[in-house]
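Undergrad: Can you keep this structure in mind? I'll have questions shortly.
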Amino acid sequence: MKIGIIGAMEPEVVHLVQAIVDPVHTTIAGIEFISGSIAGKDVVVTRSGIGKVAASIATTLLIEKFAATHVINTGSAGGFVDSLAIGDIVISSEVRHHDVDVTAFGYEIGQMAQQPAAFMPDSTLVNAAKSAVAELGEVKAIEGLICTGDSFICDPVRTKVMRENFPTMAACEMEGAAIAQVCHQFNVPFVVIRSLSDNANNDSPVDFDSYIIKAGMHSAMMVIALLQQL
């Protein structure tokens, strides 16, 4: 088992990089990959950059160049569940695009043509994440739908539409569904684990800048605890 771990931004991967034993650095297409081990597991950690295209490139390289057999996406997200606070965690029960619309051809809202409507995470990784929750102290974690789009969501009008389209959505972010789609194409197991940095509202730009470090630390703690369960 070799586990590829992807975060979009430096605060989302810095704690994981610091935890790597015997790190080896490789740069491809301007993306740095750090190989080594965490909790005795072979890992490759990368900061992909923000958005679906960047995440897709990094995921493909992890699988093709570094032979990742499993992929974990970690980082921050905007929350859509009132019971969760900033810093709490959502473990993907499924992952969908929220900004895709080819319904004119009979697809569901959010479903890319010739792709499943939802990408389902690997049960072993999800169960390991659920078992790891006990290691997080007072940080709350739930399973839920995570939706992805190439926009930072802070507009109440957009938020309202997203809630109508995806009433069970727990969190939104900008990479997870792209990573999940690449993993689906390559038949590689994945899970998305996100810590809330904001609540997808008018305050989100300020909240994100204030809490991205906290969210990154919590999601990294979750990933390390997950690796210890495997």
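For all residues, glycine too, the Cβ spot is worked out from N, Cα and C.
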Undergrad: Of Ile57, Ile63, Ile153, Ile193, which one shares the substrate site with Gly78, Met174, Glu175 in Swiss-Prot?
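TA: That substrate site, as Swiss-Prot gives it, pairs Gly78, Met174, Glu175 with Ile153.
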Undergrad: Near Glu175 (substrate binding site), which residues of its own chain have a C-beta under 8 A away, given they sit six or more steps off in sequence?
TA: Ile6, Ala8, Ser48, Ile50, Gly51, Lys52, Ala54, Ala55, Asn73, Gly75, Thr148
Undergrad: Once the DSSP letters are reduced so that anything not helix or strand counts as coil, what is Gly78 (substrate binding site)?
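TA: Strand, per DSSP.
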Undergrad: How long is the line from the C-alpha of Ile153 (substrate binding site) to the C-alpha of Asp198 (active site, proton donor), rounded to the nearest angstrom?
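TA: That comes out at 10 Å between the alpha carbons.
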Undergrad: Identify, in sequence order, the residues in the chain of Met174 (substrate binding site) that are 6 or more apart from it along the sequence and have a CB within less than 8 Å of its CB; answer 'none' if there are none.
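TA: The answer is Ala8, Ile50, Gly51, Lys52, Ala55, Thr148, Gly149, Asp150, Ser151, Phe152.
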Undergrad: How many other Cβ atoms sit within 10 Å of the Cβ of Gly78 (substrate binding site)?
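TA: Gly78 (substrate binding site): 25 neighbouring Cβ atoms within 10 Å.
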